[in-house]
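Worksheet: one structure, shown below.
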Amino acid sequence: MYSHIGVLIYVILQFLALLCLVVATPFDMFREVKGGVFGGRACVTLWGLQKVCLDTEYIMKTELLWKNCPSRRDRFLLAQVFDVISLAVYAVAFLFGFILLWCCSAFRWVCLALNIVGIGTVCVVWVLMVKVYHIDDGTVCMVLDKGFRFGIGFGLLLVAWVLDIIAIFFLLLPLEAKQDSESTKSEETEEAEAPEKPKDANEQE
């Protein structure tokens with residue numbers, strides 16, 4: 001029973017993590033503060049600059065936005081790659097977790113490996129965004145920590161990362177429960193098979 005409940009919670013957490021990551025991908029990593037250059041409504045996503053947050057149109061794509069800041073541009077492009085990889089890893093982990101509910105207990109180790117990879121890839125994305133936000137790349141580069149704050153997309157990225165870590169606990173919990181039950185059964189078997197001690201002479205009298 002513990003095995004089924006643990007895997008079920010894992011699947012739910014993995015689905016929520018995937019959902020957060022899907023929503024975070026197009027959303028803002030940085031949101032302009034009031035009184036900014038663009039009227040306090042612009043957003044910077046992994047893919048470029050939006051004049052109005054949550055809009056589908058971009059004023060400038062990432063390559064053009066940071067063309068004078070090659071190191072920052074490279075960080076954004078690298079974050080894009082790892083974000084796409086993370087989406088694929090999270091989706092596959094959820095799929096294998098769903099299958100694990102019904103069969104194929106060996107998939108537990110596949111899910112564990114995917115979760116560990118997912119933790120690493122998403123970590124790369126948010127660490128790159130933190131570096132972009134705090135590092136000054138020169139006078140020609142827009143200083144993000146002065147006119148922007150972290151946005152909804154960045155927050156959801158962190159939520160997805162934390163959920164992925166928590167999901168591992170519930171994935172491993174059934175293994176511990178099964179091992180405990182198996183050890184208990186083996187102890188009971190050993191006690192049942194153990195020969196009875198002969199009675200003392202005093203007890204026989």
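Heads up, the Cβ atoms here are built off N, Cα and C, so glycines get one too.
According to TrEMBL, the features are:
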- 194-205: compositional bias 'Basic and acidic residues' (COMPBIAS)
- 181-205: region 'Disordered' (REGION)
- 7-27: transmembrane segment (TRANSMEM)
- 76-102: transmembrane segment (TRANSMEM)
- 109-130: transmembrane segment (TRANSMEM)
- 150-173: transmembrane segment (TRANSMEM)
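Sequence-distant contacts of the transmembrane segment (7-27) (same chain, at least 6 residues past either end, Cβ-Cβ under 8 Å): 45-47, 54, 83, 86-87, 90-91, 93-94, 97-98, 100-101, 108, 111, 115, 118, 122, 151-157, 159-161, 163-164, 166-167, 170-171, 174.
Within the chain carrying the transmembrane segment (150-173), a Cβ under 8 angstroms from the stretch's Cβ atoms is held by residues 2, 6-7, 9-10, 13-14, 16-18, 20-21, 23-31, 43-46, 53, 86, 90, 97, 108, 111-112, 115-116, 118-119, 122-123, 125-126, 129, 133, all 6 or more beyond its ends.
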